[in-house]
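Quick look at what Swiss-Prot lists:
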BINDING   Lys107, Ser108, Thr109, Tyr110, Ala111, Arg112, Thr131, Leu132, Glu133, Gln152, Tyr166, Gln176  dCTP binding site
ACT_SITE  Glu133  active site, proton donor/acceptor
Amino acid sequence: MSVMPDTWIREMAKTKGMIEPFTEKQQRAGVISYGVSSYGYDARVSREFKIFTNVDSAVVDPKSFSPNSLVDRETDICVIPPNSFALARTVEYFRIPRDVLVICLGKSTYARCGIIVNVTPLEPEWEGHVTLEFSNTTPLPAKIYAGEGACQFIFLKGDTVCETSYADRSGKYQGQQGVTLPRL
């Protein structure tokens, strides 16, 4: 597998719609950076958030996740309670080629503040808005800024095309739009 450079990312976004909307050059002035970097793409977080709350003293169960545990917010700044988390989504819609696997890493700006971003890999031929999970590991409230960088996607091109893609097996998160809760 090869890590793909900025030139390839730019070409795939422009000719194949791999990332829409696409920011061709990294934006950094007064914001948490986003756009193309040397070997990745820094995606932005949208204004759509679901913030975890323990109002109903719920148990978190990935097999039977209760939306009652979340409070919906559309805002420019999301405040995550101490030792809690929020779900969000990327501004960008991704269409992953059949011979590419994408991994995601959190932004160091957030990590240095105790905020961890988690995303599972984007599999070959998956498409949709990426649901992001922000964990506030601190004992204080933490801010997430909509419209700014949230995480970096690294594109790994396989030496051969996979036999079965995410689309082939009708993956449960295919084509997701908006913040998407766990599904079985």
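Here, residue 1 is simply the first one shown, and the rest follow in order.
Cβ coordinates come from backbone N, Cα and C, glycine included.
Swiss-Prot feature annotations superimposed on the structure.
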residue : record            : Cβ contacts under 8 Å, 6 or more apart
Lys107  : dCTP binding site : Ile32, Ser33, Asp42, Val117, Gly149, Ala150, Cys151, Gln152
Thr109  : dCTP binding site : Ile32, Ser33, Gly149
Ala111  : dCTP binding site : Val117
Thr131  : dCTP binding site : Leu87, Ala88, Arg89, Val119, Tyr173, Gln176, Val179, Thr180
Glu133  : dCTP binding site : Phe85, Ala86, Leu87, Val117, Asn118, Val119
Tyr166  : dCTP binding site : Ile96, Glu123, Pro124, Glu125, Trp126, Gln174
- [ ] For the dCTP site as recorded (Lys107, Ser108, Thr109, Tyr110, Ala111, Arg112, Thr131, Leu132, Glu133, Gln152, Tyr166, Gln176), determine the largest distance between any two Cα atoms, in Å, rounded to the nearest integer.
- [x] 34
Task: Local backbone state of Thr131 (dCTP binding site), from DSSP in three classes - done: strand
